[in-house]
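Participant: A single structure is presented below for examination.
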Amino acid sequence: MGAETGAGRLWPLGALAVAFMALAPQVLQLFTIINLTTAIALALLGLSLGLIWGYGGILCFGQTVFFGLGAYAYAVAAQNFGDTSTAVLVAIAVGAAFAALLGYFMFFGRVSDVYLGAITLTVTLVFFSLIRRTSGPEYKIGDALLGGFNGTSAPPLTLPWDSAAILFPNQLFYVAMSALTLSYFGCVWLTRSRFGRVCAAVRENETRAELLGYDARLYKLGLFTIGGGLAGLAGVLMANGVGRVTPDLFGLPYAAQAIIWVIVGGRGTLIGPILGAFGIFYLNSWLGSQQLVNLNVVLGLVLIVFVLLLPQGLAPTAMDLAARAMRGRGRARRRRRPRRALAAEPAE
Amino acid sequence: MARARSRTRRETVVETRNLSMRFGGVTANDDVNFRLEAGELRCLIGPNGAGKSTFFKCLTGQLKPTEGVVTIRGVDMTGADPHQVAQLGVGVKTQVPNVFDGLSVRENIWLAARRAHGAERAERLTAETLERVRLGDIRARAVGALAHGQRQWVELGMVMAAEPWLVLLDEPAAGMTDEETVFTAELIREINRTASLIVVEHDMNFIRAIAGRVTVFHRGAILMEGPMDEVSADPTVRDVYLGHKH
């Protein structure tokens, strides 16, 4: 597992994230920054799936259900309360709570992996169809009309202490980038904790974990719930990046793409799904502007290429190559060194 | 009175009363009454299909018996889940090695030690266990890449690292070379210093090596019980194993 090995090597990644966060608004155009916020939201969705699939072995084909619910919960709560900070907490709580509910029935019902994928996909598609049919004035929660196919508006984030101070796109970008960075390091910490190690054990062999005295169902439920909360937060960022929440958030395209991000980026790592999401997002927008080939054809091709040629995904393959290059350089240096100097060297 | 009895009879750690297990029309275990005393090393033997493994799985919680009661140290564990049985302090090794293939040897052992112990104690137990099962040199290797015998020892190490007082082993020496079997027998005798054991085994030589009392299963029920020499000399047991009548 790639991310488990590099214990002390994370700080450059953190420094890179902070530098990117500080510099991007200075260098890039406003349109690009707004686009980036959306990409970050999707990357966080990818991270949430990378956590539960890569570390818990839970193949959730409908991670978008928590994403969409988070986005809708944020929009509805923000329209009703006017205070967006509470709305963010509500969105995370709704994502986590629904994951806990769904997970309870799946894990305690001992649903097998394949059915788990089918059930979660069905649930997200059910929400997609359901929300699409809420266009009448009778479908409202408090003051918020759900708006059916057109969705409902998502009020932009404000300062927590001043609900009149609406955040500018640049500031939204800071919020999104901070949320992604903190979530990533939170996930790294989690996967290295006792809880995370037991989740990995359950992924490897559920029978053995239970014979050691760990209740596998509880650990899976815990991880799944955390993943749901993260996806809910991703929904908040998405709602802010786009300005509206629509039933599309629950739809098959996002649900399938999330799986592709994890496969392309590398399952079993946490940085992989983030890079995968960014990569596919920009491939999408580039292809959209070119109008050359159908988007889905390219996505399908990308998936086939990765499954066949780079089944580990980008991040683990890159780490392997880097490790090999380091070893190769070490060998070359030893060869060049005069022989008598070798005796003085401590054994490696 | 209780004290007077404990002098003559040691504490019962495992007991089954009228235990039966049926799969559809097949009766795998039929009215088994079994008792294990503290400190004992008991081998369960019998021909294929005699019901040893089914009985074993009823003890570990992997199967729920159709009828009857399983008690462990006086606690009714009939129908309990495997993790509940393990949490009592019971170590289990299954017939097919059940290990965490994608994780390192060290981490496999650590996960077993960490379940019941604090972080520091778990680290110490992990280091000790790695030495005891002689896997210290390959602690960083992924278990999935190891040879069969080593994987069996990783699993035994996991059982030992949890410091159980009761250990249930299903064919611990299956598929091992003679040399590996000798070391495994050594490990089992070592475990027996601090824990009571039930070992399901086929290999008669291996059973002689670890000694102890033997329970013979035949057609889902207990045929006889006694020391190994007595049991192996018994004509009925010979019939059962060789499968012919005099």
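Positions of Cβ are set from backbone N, Cα and C atoms, glycine also.
According to TrEMBL:
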| type | residues | note |
| --- | --- | --- |
| TRANSMEM | A:12-45 | transmembrane segment |
| TRANSMEM | A:52-75 | transmembrane segment |
| TRANSMEM | A:87-107 | transmembrane segment |
| TRANSMEM | A:114-131 | transmembrane segment |
| TRANSMEM | A:172-191 | transmembrane segment |
| TRANSMEM | A:218-239 | transmembrane segment |
| TRANSMEM | A:259-283 | transmembrane segment |
| TRANSMEM | A:295-314 | transmembrane segment |
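So that I understand the layout, could you describe where these features sit and how close they are to other parts?
Facilitator: Sequence-distant contacts of the transmembrane segment (A:12-45) (same chain, six or more residues past either end, CB-CB distance under 8 Å): 63-64, 67, 169-170, 172-174, 176-181, 183-185, 230-231, 233-238, 240-242, 254, 257-258, 261, 271, 273-274, 277-278, 281-282, 285.
Long-range contacts of the transmembrane segment (A:52-75) within the same chain: residues 45, 84, 87-88, 90-96, 98-99, 102, 113, 116-125, 127-128, 131, 144, 146, 152-155, 191, 196, 199-200, 202-204, 219-220, 223-224, 226-229, 231-236, 238-239, 244-245, 247, 249-251, 254-255, 258-259, 262, 267-270, 272-273, each at least 6 residues beyond the stretch ends and with a Cβ under 8 Å from a Cβ of the stretch.
Listed by sequence, the residues of this chain that lie at least six past the ends of the transmembrane segment (A:218-239) yet keep a Cβ under 8 A from its Cβ atoms are 37-38, 40-42, 44-45, 47-49, 51-52, 55-56, 58, 60, 63-64, 66-75, 87-88, 91-100, 102-104, 107-108, 154, 175-176, 179, 183, 187, 190, 195, 198-199, 202, 209, 245, 249.
Sequence-remote contacts of a segment are chain residues at least 6 beyond its ends whose Cβ falls under 8 Å from one of its Cβ atoms, and for the transmembrane segment (A:259-283) they are 1-3, 13, 38-39, 42-47, 49-51, 53-55, 61, 180, 184, 187-188, 191, 298-299, 302-303, 306-307, 312-317.
Panel annotation: around the transmembrane segment (A:295-314), residues 257, 260, 262-267, 269, 272, 275-276, 279-280, 283-284, 287-288, 320 of the same chain, lying at least six beyond its termini, place a Cβ under 8 Å from a Cβ of the stretch.
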Participant: Report, as numbers and ranges, every residue of the chain located at least six residues beyond the transmembrane segment (A:87-107) whose Cβ falls under 8 Å of a Cβ in that stretch; write 'none' if there are none.
Facilitator: 65-67, 69-71, 73-75, 77-78, 81, 116, 119-120, 123, 155, 157, 216-217, 220-221, 224-233, 235-236
Participant: Under 8 Å between C-beta atoms and at least six residues away from its ends: which parts of the chain pack against the transmembrane segment (A:172-191)?
Facilitator: 3-4, 10, 14, 17-18, 20-21, 24-25, 33-34, 36-37, 40-41, 43-44, 47, 51, 55, 156-157, 197, 199-200, 226, 230, 233, 237, 240-241, 270-271, 274
